[in-house]
Each structure stands twice: as structure tokens, then as C-alpha cells.
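Chemist: Just passing along the structure, written as C-alpha cells.
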């Protein structure tokens, strides 16, 4: 984190030498009303704790249960880690600002927060596509699943997802630090996100917006198409199964993933790809809350309540902790 901040400061000095620029941003948060701050603090602290504990339990349960050491559940563990990281990137700073009655964040910290925000959103997106492909192989080609989806191959897909997300985040960051922000430093948001930062700049942002659209659309379309065609094949395969129990198991496994995917894509596309002029800024905030806070919080509930194997693993983990007391 410190290395990235130092790099940003050096790069900024090189690109903006002899030009007057701001040194901090003001995050307006979700509400300007003083009477709402305590409610927001309690609400988001509760959601943060639930998200960290819930996703943490999924990671621990999968790690300790040898029967869940398959790519399907390892992808879920990686998704849970990305969700914990995503909400930890934005909510703690917001809670600190509420408690200290301070809305400021330094330029370097803001750009760093934006960088990791992009990393975790893109990683979530790519992992959802990877999980859909894994479900497709498991249900449509069950005899070849253990041969094709080996642990090493699953790890490789995860590493590729993290690598691509960092490359994309670095591209946006390097383009952003070349922009000037002049005297405008007020962000109508609760964290430093790319879209509102571009609106705030007094430089020409055409290249930034073009890259955001092209790269963002590519990152969205490929996993979405993979998810769509995977589930078309899965539904056709499941409908051909004569066993009612087999159909229910397949739909319960895939239904959890599909629910998370629809919630994630719906809010992400709404925030980043629809023109801001067509809806108020509050809509962007609500969308950002949904995919950075609500979706990570819902992840453990949706997967644990609809998946028999996860419920069993969590039950064993809880019983083990109780018996050790």
C-alpha cells in the first residue's frame, strides 16, 4: 500500500510539475444530514461485520473440509476473499469519517482506494464467469470433471483473474494520475470510485472514458456470455435428468451462483455503463452500495442456505468450535 502511494506521488509530480493541483478530496458520503450519520454508522458497521464473518466462515469451512477441496468450492473461497477485500477497501474509511466528523481523504489514498476498488470488482466479475464454466463442466460433462477441472487448473484460472484485474486497474490508474483536478475536490460518493473522479477532473477525459467503456465492456461481456451459454447448456442437461432429487441438487448449486451473478451484473452495469445524465447521483450511490456492500454480504447467506454441502461444512465447523469450548 505504501509502495503504491509513493509511486503515485512520484508519477503525479512528473506529470503535473509546475501546475496547481489539489492534495485531498472531500467524500460527501451517503447523506449530508447530521441526524443520519449515527444510523449510517450502525448500519454499515453491522453489514461490514456480517460480511467479514460470513465470508470468513466460508473460507475456513472450505479450508478445513477436505471433501470441499474441489475447484467449485475453491472458487467460492476465492470469491469470499475478494468480497471481504472489496468491502474492507471502502466501508472502514467511511466509518472513520463518520466517527471523526471528517470527510477528507488524501490524493494518494483516494487513488489507491480507487485502484483496489477496480481490482476487486473485476476479480469478482471474472470469478463469477469462471464458476459458471466450472458448473457447466460438472453438470454437462460429469465424467470428465475430475480430469479437466483439476486443482492446479482451478488455481491457474484464479491467478489469471487476479493478474488481469491488476493490469486493468493499473491502466485506469496511470491514465487518471495524468489528469488535473484544479479547485474541484468534492466527491458526491462514499468512496473514491473511477466514474465520479473522471467527472471531477478539469482535464479532457475523453481517452479515460473511452478506455473505461471499451475495457469495462470487454470485462463484462466475456464472463456474462460465458455465464449465459453455460446456464443454457446446464438447464438443458438438468431438464433431461429423470431424478427429481438430481434436478433439485443441480438447480440449488447453480441457483446460488446465478443469484449472485444477476445482482452483481445488474448493479455494475447500471452504475458504470448508463449515462449519469439519465439518473440522479443518488442512484449511482445506491448501485455502488449494492455491488460493494450488499452483494458481498449476501454471498455467504445465498451459498450456505441453498447448498447442502456448504451447510454441512458450516455445521461441522460450528459444532467443532462449540465442543472445544
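Even glycines carry a Cβ here, placed using N, Cα and C.
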Chemist: For residue 34 and residue 151, give whether Swiss-Prot records them on the same side of the membrane.
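Modeler: No, Swiss-Prot places residue 34 and residue 151 on opposite sides of the membrane.
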Chemist: Under Swiss-Prot, the annotation transmembrane segment belongs to which of these stretches: 114-133, 174-193?
Modeler: 114-133
Chemist: Determine which residues of the chain contact the transmembrane segment (209-232) at the Cβ level, with the cut-off under 8 Å and only residues 6 or more beyond its ends counted.
Modeler: 122, 125-126, 128-130, 132-133, 135-136, 168, 171-172, 175, 194-195, 198, 254, 258, 261, 265, 268-269, 272-273
Chemist: For the transmembrane segment (71-92), which recorded stretch in the set 39-62, 153-171, 286-305 gives the largest number of Cβ pairs separated by under 8 Å?
Modeler: 39-62
Chemist: Go through 110, 202, our disulfide-bonded residues, and report the one whose Cβ sees the most other Cβ atoms within 10 Å.
Modeler: 110
Chemist: Should anything in the same chain at least six residues away from the topological domain 'Cytoplasmic' (63-70) have a Cβ under 8 Å from its Cβ atoms, list it; otherwise answer none.
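Modeler: Distant Cβ neighbours of the topological domain 'Cytoplasmic' (63-70) are 77, 149, 151, 309-310, 313, 316-317.
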Chemist: In the topological domain 'Cytoplasmic' (63-70), how many residues does DSSP call helix, how many strand, and how many coil?
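Modeler: Its residues fall into 5 helix, 0 strand, 3 coil.
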